[in-house]
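Before any comments, here is the structure.
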Amino acid sequence: MALRYLNKFSLLSLAVPTLAAPIGSSFGVPGTDALYDYVVVGAGNAGAPVAYRLAETGHTVALVEAGSLYEYGNGNLSQIPANSLFFIGKDPEWTNNLVDWNFVTSPQAEWNNASVHYASGKVLGGSTGRNLMTYHLPTKGSLDRWAEDVSDESWNFDNMLPYIMKSQRFTPPNNNLRFRNATPTYDPAVLGRRGRLDVTYPNYANGLASWLVRGFRDIGLAAIRGLNGGQLIGSAYTLSTIQPGNQHRASSKTAYLDPLIGRNLNLIIYQSTHAKRILFSNDTVATGVRVSSEGQEYTLSARNEVIVSAGAFKTPQLLMVSGIGPAANLERYGIPLVADRPGVGQNLQDHTLAGPSYRVNAITGSSNSIPEFITEAQRQYNSNPPRGVLTNTGVDILGWEKVPEQLRGNFSTETEDALASLPEDWPELEYLPVYGYFGDQNNYMVTPNDGFNYLTIAAAVVSPLSRGTVDIASNDTEVNPIIDPRWFAHPGDIQVAVAGFRRSRALMASPAMAGITLGGESYPGTDVQTDDEIVEWLREASNTVHHACCTAGMGPRDNPDSVVDTQGRVIGVSGLRIVDASIMPFLPPGHPISIIYGLAERIAESILADA
């Protein structure tokens, strides 16, 4: 899927017409103490929406972000959908530190002791400026379970749907630019039209998608009416976070920050600024944040609240260096205890994926190494309206299922019991057909370059039973935390992954797909057959789907493992909230950005109600 830089577009999204003030007026002065109504740490999936909602209602907001503009740091490798796989592989040496935190996990025992690069956006927009732009809702049953687990019905599916829709600005697909047999079906009643975040279907659907619809049907995954009404089991085209006009990435930056920059000076952004620690008065009242810009430390104080939205890794780190977390962890680094919350940094959950690759008789991202192909792709993208392969991330149709009965024979009783505890509509596997070659996922740009086009059927474990941790390596937040996802630590995840691999093969052997493959399986190849051989391959070739969450979990106040209550307020202190993926009680099936946007809208309303 390697695509070249298209430099013409690298700064287009920075154009801000009809300004009320110079753009620079929206950015803070490094080294100068300042007072605001609210200080928000992290300008990502949740932090940017919260800052927007507070600022638009007249409150002053300091938004602290360690990164800067992804348009500068990554250019079109961030903006153009087809480039979104750059720099997100497992190889720690293949990253872009201008836009990435360069997180590397501790050695993963079940992945051959590999230390894995965990791509994470260090930019305005956070990982919404780096991800694959896949957008859909979780299942109804999973959010109903969320409400049950936290003892608050306001978090169930029916009550959260309006907040998710509040964030959405859905544009129907331009079916005149898509193949006639690639028309998505969807329910307009569950898609918002007046929100900030652009969601749509890309102007190009790969020709393989229509074959995949039939292939999914052949193996028992019926086509369903979109992925946004609380149902996932089946198959459907997925929405993407794409701006419909220019077909650029839509992120929390484009949705919630760009509209305010140079227009609403209630929001002041401190970019390239690290949050060092949360400050407290009277021991437990949060009053501000000590920050650092280019080595200059200063204080941003909050009249009302401090809101941490730094993500599943940096949020627990910031809490711990500020004195909130497991007492024993803090004692190791001489950090004074503010609140003993043993759940901080615990319960890390994530999705993993891997899949076989095939040569196919169709155009895929493998053709991007052909100069003539790229030239034509650029011409189409530069047209009005933009069209062609560059408008598509390379993943546009998804499939979901519980593992079929015939593949559950090797599941242990422990695995069956754990999976049986999930809601009935919760799929155990997600299938992501990727129009290119995955290989061992160390570097997605490494392909055979043999003149053939490839298709990979990646299977993701979306019912993870393994649990990991995040810990501090120092009392300094500029030293990355210790991240231990413990992927495959629970044998059930390996058992489900084996089943997913076999089902990926079954899809490609289906009557619908058999006619488009050229030869047999290219990777890992037909020598990998037994469960033991598949497991050995999975340990080498699996990667994260980058859905880390749950490290500062929401729950009842009387539960000692709860870190926040159902309004995002940190238990044991006052004036401090968390609003990001870390407070999710568990990881729902699928891609979580929709629920994180909804979570941000929901808690922003709570903050304003308490103002």
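Glycine is no exception: its Cβ is also placed from the backbone N, Cα and C atoms.
Under the heading active site, proton acceptor, Swiss-Prot lists H547, H591. Feature annotation from Swiss-Prot assigns active site, proton donor to H547; the stated evidence is similarity to another entry. According to Swiss-Prot, the feature FAD binding site maps to N45, A46, E65, A66, V123, N131, L132, M133, T134, A581, P592, I593, an assignment based on similarity to another entry. Summarising the annotation, Swiss-Prot assigns N-linked glycosylation site to N76, N113, N282, N410, N475. Among the features that Swiss-Prot reports, signal peptide is placed at 1-20.
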Q) Counting other Cβ atoms within 10 Å of each Cβ, which of the recorded positions N45, T134, N282, N475 scores lowest? A) N282
Q: Would you identify the secondary structure of E65 (FAD binding site) according to DSSP, in three states?
A: coil
Q) Hey, which of the glycosylation sites N76, N113 is the loneliest by Cβ count within 10 Å? A) N113
(Q) So among N113, N282, N410, H547, H591, all listed as recorded positions, which is physically nearest to E65 (FAD binding site)? Use the C-alpha atoms. (A) H547
Q) When the Cα-Cα distance from N282 (N-linked glycosylation site) is computed for each of the recorded positions T134, H547, H591, which gives the smallest value? A) H547
Q: Enumerate same-chain residues with a sequence separation of six or more from H591 (active site, proton acceptor) and a Cβ-Cβ distance below 8 A; give 'none' if the list is empty.
A: T134, Y135, H136, V545, H547
Q) Over the residue list N45, A46, E65, A66, V123, N131, L132, M133, T134, A581, P592, I593, recorded for FAD, what is the maximum interresidue Cα distance in Å? A) 25
Q) Counting other Cβ atoms within 10 Å of each Cβ, which of the binding-site residues V123, L132 scores lowest? A) L132
**Q.** Which of E65, N410, H547, P592, all recorded positions, has a Cβ with the fewest other Cβ atoms inside 10 Å
**A.** N410
Q | Three-class DSSP secondary structure - T134 (FAD binding site) | A | strand
